[in-house]
Every structure is written in structure tokens, then in C-alpha cells.
Amino acid sequence: MTKLLKNIDLKKHKSFINFFLTGLFGATVNFLSQIPLKTWFLDLGMNQDGALAWSVFWAYMISTAATFIPAKIFAFSAKESGNSKREWVKFFIIASLALVVQELVTLGTLKAVINPYFGDFSLLWREKVSHLVGMACSFMANFFGHKFFTFRTTGLYKMIKAERS
């Protein structure tokens, strides 16, 4: 294991490592807030599926809001970019796409894999495992979206601004 670690160029992978740490913070917020949110939606009278879907959605939105600044500063070194409003819009676009990934994978995993093969386990356990799988897929969608779109000058803003003029 030490030999493997010695061969990894940390500078080359710095943005991924920092994004992983930022994502770990967001994932913790996401994962932990989903449980009380689901309970709240159930208390409002939603069925299990609806409560799960909405709690995953809102937990994701809370974690997205909590991770914008850390991702901007630590993961992508865009602290001094001067484009925070633009980056927030692009961050939200990418996060929204990754949210769709998380929702589809979470619900799909629960229905197609976890429930049929692990139906003897508690509903909470099955939902949390499905949620973790969805979060992992969402993490990758977020990383590549933010790396190649959000915190990079793409020219899209100038193109839209030119069309409006």
C-alpha cells in the first residue's frame, strides 16, 4: 500500500482530492439530513416512495447550498475569479443534472436491486444503501461537471450576453 501511495502524484490529483473532501462534507450533510426530512414528509401524510423521493431531493439541495463556497475555494481554486454569480448559476445547473442522476440511481437501485435481493433487511437500511449508491454516482457527475464547466471560463456567458445585445 505504501508503494502505491508513493507513486501517486498528489499535485496532479489535488483538485480531485480536495473535491472529494468537499464532497465528503456535502455527502455528510446530504446523508444525515435525508432521514429527518423523510420522517417529516411521512408525518405530512406522504407515502413511503414519495417521502423518500422528496427527502432525497431536499437533502441534496441543502448539501448543494452548503458546498458551493468550499468547492469554489478549495477544490477548484477559483476564490479570486470574480465570477461568483456566474459560477453559482453554472454550479446550480450541474448540481441539478447530478440531482437527476442521484434520484434515478437511488430509486432505481432500491426497486431493481436492493428490494428484490435484500428484502429481509429493514426499510431504513435498504433506503440508505440505495441513497449511498445514488450519492456516489452523483459525486462523479458533479466532479466532472464542475471541473469542466462550472469553474472554468467557457465563453458561454459572453455568447449569451452578445445575443442579448
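Backbone N, Cα and C atoms are what each Cβ position is placed from, and that goes for glycine too.
Residues or ranges marked as domain 'GtrA/DPMS transmembrane' by TrEMBL: 19-151.
Marked as transmembrane segment by TrEMBL: 16-37 (among others).
Taken from TrEMBL, the feature transmembrane segment applies to 57-76 (among others).
Look at TrEMBL and you will find 88-109 (among others) tagged as transmembrane segment. Tertiary proximity for the transmembrane segment (88-109) is limited to same-chain residues at least six positions away from its ends with a CB under 8 Å from its CB atoms, namely 49, 52-53, 56-57, 60-61, 64, 68, 71-72, 129-131, 133-135, 137-139, 141-142, 145-146, 149-150.
Summarising the annotation, TrEMBL assigns transmembrane segment to 129-149 (among others).
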Subject >> Residue numbers, six or more beyond the limits of the transmembrane segment (16-37), whose CB comes under 8 Å of its CB atoms >> reply: 10, 54-56, 58-60, 62-64, 66-67, 70-71, 74-76, 124, 128, 131-132, 135, 139, 142-143, 146-147
